[in-house]
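Chemist: Under the heading domain 'Amidase', TrEMBL lists 25-465. According to TrEMBL, the feature active site, charge relay system maps to K79, S154. Residues or ranges marked as active site, acyl-ester intermediate by TrEMBL: S178.
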Amino acid sequence: MLDYLSQIRSLQSMLQGKEISCTQLTRAYLDAMDRDNPKLNAYVTATPDAALAAAKRVDEKLANGEALSPLEGIPMTLKDNISTKDIPTTCCSKILEGYVPIYDATVWKLLKEQNAVLLGKTNMDEFAMGSSCETSCFGGAANPHNLDHVAGGSSGGVASAVGGNLAAYGLGSDTGGSIRQPASFCGLVGLKPTYGAVSRFGLVAYASSLDQIGPITTNVEDTALVYDQICQYDPMDSTSKGAQGDTASHLKDPVQGKKIGIAKEYLEGLKPEVEAAIQQAMKTYEAMGCELVEISLPALKYALPVYYILACAEASSNLGRYDGIRYGYQADSYRNTHDMICKTRSAGFGKEVQRRILLGTYVLSSGYYDAYYKKAQNLRGSIVRTFREAFAHCDAILAPTVPTTSFPKGFTSQDPIVTYQTDICTVPVNICGLPAVSIPCGFDEKNLPIGMQLIGNRFAEANILNLAWQFEQATQGQFNKKVEGGLAL
Ligand code: GLN
């Protein structure tokens with residue numbers, strides 16, 4: 001199987017051609033998980049019974065000669081902040097210990113209806129706050145390319161599983177880079193859709209004005225196939241708009257003459273190998289007949305503080321619901337209700353989550369609201385305008401996904417500010433609600449993957465996936481290198 005060709009389509013043609021049954025395929029993945037998950041720590045909950053039950057339904061359909069839906073029978077995973085009825089959803093936090101949702105997130109409902117085979121729920125930074133998966137109460141997930149490095153975060157478990165061949169694809173969430181950064185660290189493709197394109201009903205909220213759900217896959221076509229199935233309008237999410245869902249049919253569109261914006265603000269402070277890979281990608285696009293245009297994004301310098309002020313403010317409000325009464329964990333002994341809530345939250349939330357709740361409460365408190373929260377909201381408008389102006393001159397923007405490659409284990413526990421700074425290239429699109437896809441574009445001196453982003457205008461997913469797919473073809477998937485281990489077909 002060539003790594004840059006659709007894994008989803010080739011698995012489905014194997015199923016349809018009766019080369020393998022869905023039960024055999026599912027068992028092969030479950031065996032691979034038993035063998036490799038102890039070293040990757042990608043999965044926090046395995047769901048073999050549900051997976052085999054779905055596989056059985058697919059095999060029955062195949063036996064009856066029925067056609068399969070686009071994702072039917074394909075083994076996959078969900079980040080553990082996507083609600084799954086009767087299956088624990090912990091957000092990798094002690095405070096949600098024992099919590100089992102009574103309903104499905106819309107994205108899972110859509111996939112379940114077409115017999116997607118859920119292998120299990122994957123590891124993440126606690127409540128999606130982090131960049132290495134190491135704030136998880138289950139410990140971090142390893143990078144399949146190098147086990148001494150992290151898979152990234154916060155959707156690190158999805159990337160570790162997909163990169164380690166323990167799932168064909170997965171869904172993660174991206175509030176400030178959590179799909180694109182782990183995809184970049186693990187040599188995968190990850191799409192953060194336009195705000196409103198994919199329903200967030202059932203996604204445990206971190207920062208509601210920024211959160212989006214999207215796919216992580218091994219190649220661009222699979223990202224398009226998955227996105228097209230999940231971008232439906234949903235009356236259960238008041239911010240849902242839905243989208244066309246026809247990106248897969250535009251992958252092969254010609255890209256000659258398309259204008260790719262390059263902003264110097266995105267190219268500052270990069271690790272030299274990352275910079276070289278981006279420069280090389282620019283040359284590739286030029287050779288493909290695209291035009292590189294210089295653009296300027298002056299307001300980008302405000303993006304990081306704006307993100308951390310708004311995200312923490314929204315988190316402090318969203319996480320108010322974990323009081324020890326309604327969900328999960330509750331402190332054992334306490335004097336009164338106030339003491340119970342205090343003890344539950346102190347023991348239930350990890351250090352990073354507590355830091356963000358405190359920061360968020362601070363920037364929202366009277367006296368500081370104008371100086372921080374309101375100012376950040378105003379600057380958000382400037383950042384939105386800066387991108388709007390840029391898109392008057394180009395069709396898409398090319399930028400690194402992260403200034404660096406995967407961190408060694410333990411790096412993010414040293415200085416939170418240093419870690420926050422590595423989100424500089426991913427947070428701007430969340431602030432503006434724009435779509436961006438991260439695709440592999442090189443390797444560093446340790447052979448760790450490098451990723452780049454194609455950023456599009458609102459609802460221009462088809463355009464950025466088209467540019468991404470054409471790049472993958474032009475470079476013959478040389479950067480989508482598969483690692484050993486996991487399922488081997
Ligand atoms: N690393 C960023 C943060 O810590 C992004 C997280 C996310 O997208 N969920 O907030």
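The backbone N, Cα and C atoms fix where each Cβ goes, and this holds for glycine too.
Bear in mind that the values here come from a model prediction, so they are computed numbers and not experimental data.
I would like each feature placed in context: is it buried or exposed, what are its neighbours, and how far apart are things?
Modeler: Mean pLDDT of the predicted structure over the domain 'Amidase' (25-465): 97.
Taking Cβ-Cβ distances under 8 Å and a sequence gap of 6 or more within the same chain, the neighbours of K79 (active site, charge relay system) are K121, T122, M124, S155, G157, V158, G170, L171, G172, S173.
Here S154 (active site, charge relay system) comes close to M124, D125, A128, M129, G130, S131, C133, T135, G172, S173, T175, S178, P182: these same-chain residues lie at least six apart in sequence, with C-beta atoms under 8 angstroms from its C-beta.
The number of other Cβ atoms within 10 Å of the Cβ belonging to S178 (active site, acyl-ester intermediate), over all protein chains shown, comes to 37.
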